[in-house]
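For reference, the structure is listed below as structure tokens.
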Amino acid sequence: MADPWESTMDHAVAIARKAGEVVRDALRGDRMVTTKSSAVDLVTQTDQKVEQLIIQSVKEKFPTHRFIGEESVAAGESCILSDSPTWIIDPIDGTTNFVHTHLTVTSTLDLQVEFGVVYSCIEDKMFTARRGRGAFCNGEPLQVSQQKAVEQAIVATEFGSDRDPEVVDKIFQSLRNVLCLPVHGVRGAGSAAMNMCLVASGCVEAYYEIGVHVWDVAAASLIVSEAGGVLMDVEGGEVDLMSRRIIAANSKTVAERLVKTIVAFSPPRDDAAPSDRCEDSTHLSARKV
Ligand SMILES: O=P(O)(O)O[C@H]1[C@H](O)[C@@H](O)[C@H](O)[C@H](O)[C@@H]1O
Ligand SMILES: [Mg+2]
Ligand SMILES: [Mg+2]
């Protein structure tokens, strides 16, 4: 039977490579940094340029498709999933790393619910997954770790960009609880998508975060599940990509141990009305790095 999504995904992979070239070039020059929801929620002209490049390129080929892009939503576009084919885009996942030229930077493209693409441009790793057809890195099949004892696990997480002391306290309580399970170690790549690709690759057993956005996790969610992993909400049950909470693990056993360990809270949903999303604008400024 003809495969309607194959050429679409080939196009997504080609755009992700182009996005990676733009990001790599920008890493060699100055980067103009401004902030969004908090003083540490960073954005650069490259995030905006790459998102436009991706959207224009998809629009030319697929004029009826819709988009949820991190920087378009920041500029006031809606963040609602409909029945139309919708691309979910994070032009640079790991903007803080990008600003500091630190290790990992990815671009993520997801076409709900058919495929996910995460390109880690510095290490030139192209992670891909098609629904029901497995997950791959540079064409090699991915498989999650078989280690089900959380005491022998590495768990990845991030601190996010919310600096409200009450939120930070909860993040640290969770971190303390996870460390005291005990686990072998806690790591963080600085990119939700990369942390999830590490789960899919079997390098870490699990990743959890509260405060992520749909564009951080949509593409990598398919990559994790196609590599044999599981996705779960931090209070158990099905993950809701708009809820800003996620556990991605190698197994139900490890995910359920984390559910018992994490101190859960609920940030404003991505699909909430813009007036319900708290924005702190006191920090807005632009600077060159
Ligand atoms: O804003 P970008 O796209 O770089 O993405 C986010 C990361 O992916 C989070 O895991 C991480 O915790 C941060 O919140 C970061 O902002
Ligand atoms: Mg992101
Ligand atoms: Mg981003």
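Every residue, even glycine, has its Cβ placed from backbone N, Cα and C.
Some features that TrEMBL has for this protein:
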BINDING   E70, I92, D216  Mg(2+) 1 binding site
BINDING   D90, D93  Mg(2+) 2 binding site
REGION    269-289  region 'Disordered'
COMPBIAS  269-282  compositional bias 'Basic and acidic residues'
Same chain, not part of E70, I92, D216: whose C-beta falls within 8 angstroms of the C-beta centre of the Mg(2+) 1 site? Give them in sequence order. D47, I89, D90, P91, D93, G94, T95, T108, H213, W215
Checking the binding-site residues D90, D93, D216 for other Cβ atoms within 10 Å of each Cβ, the smallest tally belongs to D216
Per DSSP, three-state class assigned to I92 (Mg(2+) 1 binding site): strand
Looking at the binding-site residues E70, I92, which sits with the largest number of other Cβ atoms within 10 Å of its Cβ? I92
Rounded to the nearest Å, what's the C-alpha distance separating E70 (Mg(2+) 1 binding site) and D93 (Mg(2+) 2 binding site)? Just drop the number here, would you? 10
Residue pair D90 (Mg(2+) 2 binding site), D216 (Mg(2+) 1 binding site) - Cα distance, angstrom, rounded: 6
Could you state the whole-number distance in Å separating the C-alpha atoms of D216 (Mg(2+) 1 binding site) and D93 (Mg(2+) 2 binding site)? 7
Which three-state DSSP class does D216 (Mg(2+) 1 binding site) fall into? helix
As a check: which entries in E70, D90, I92, D216, the binding-site residues, place their Cβ less than 6 Å from an atom of ligand 3? E70, D90, I92
What does DSSP say about E70 (Mg(2+) 1 binding site): helix, strand or coil? helix
